[in-house]
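See below for the structure under consideration.
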Amino acid sequence: AAESFNYKKFFEMVGLKKKSPEDVKKVFHILDKDQSGFIEEEELKFVLKGFTPEGRDLSDKETKALLAAGDKDGDGKIGADEFATMVAES
C-alpha cells in the first residue's frame with residue numbers, strides 16, 4: 001500500500017539485517033544502478049524492484065524519507081558506508 005514503506009521492517013523481511021558486511025555491499029551495488037558509488041534519490045524510488053520484479057515504486061514521500069534516513073553526511077545521496085550503517089541500525 002502507498003505510504004506504507006518502512007525501511008527497517010523491509011531490511012528485516014528481506015534478510016538484509018542478517019547478511020554479512022560483504023553481502024550488504026553486494027546489495028548496495030545492485031541498487032546503485034549507474035555504478036556511481038552512491039544510491040541517488042532516483043535509484044531509491046525503485047529499491048523494492050531491486051528485490052522483487054513485482055515490487056512497487058516508492059512514493060516521493062517514501063523516497064525522501066528513505067534518503068533522509070540513510071544520508072548521514074547530507075550530500076543528497078547514500079554511499080556504501082551510509083547504506084551499511086542504515087542496515088546495521090535497522
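Numbering starts at 1 and runs along the chain as it is shown here.
Just so you know, glycine gets a Cβ as well, placed from its N, Cα and C.
The domain 'EF-hand' feature in TrEMBL is assigned to 19-54 (among others). Proximity of distant same-chain residues to the domain 'EF-hand' (19-54), defined by a Cβ-Cβ separation under 8 Å and at least 6 residues beyond the stretch ends, is recorded for 5, 10, 60, 63-64, 66-67, 70, 76-80, 83-84, 87.
Cβ contacts within 10 Å of Asp73 (Ca(2+) binding site), excluding its own Cβ and spanning all protein chains shown: 10. The Ca(2+) binding site annotation in TrEMBL covers Asp32, Asp34, Ser36, Phe38, Glu43, Asp71, Asp73, Asp75, Lys77, Glu82.
Helix first, then strand, then coil: DSSP counts for the domain 'EF-hand' (58-90) stand at 21 helix, 3 strand, 9 coil. What TrEMBL lists as domain 'EF-hand' is 58-90 (among others).
Averaged across the domain 'EF-hand' (58-90), pLDDT in this predicted model comes to 95. The list of residues near the domain 'EF-hand' (58-90) in space but at least 6 beyond its ends in sequence, with Cβ under 8 angstroms from a Cβ of it, reads 2-3, 5, 7-8, 11-12, 16-17, 19, 21, 24-25, 27-28, 31, 37-41, 44-48.
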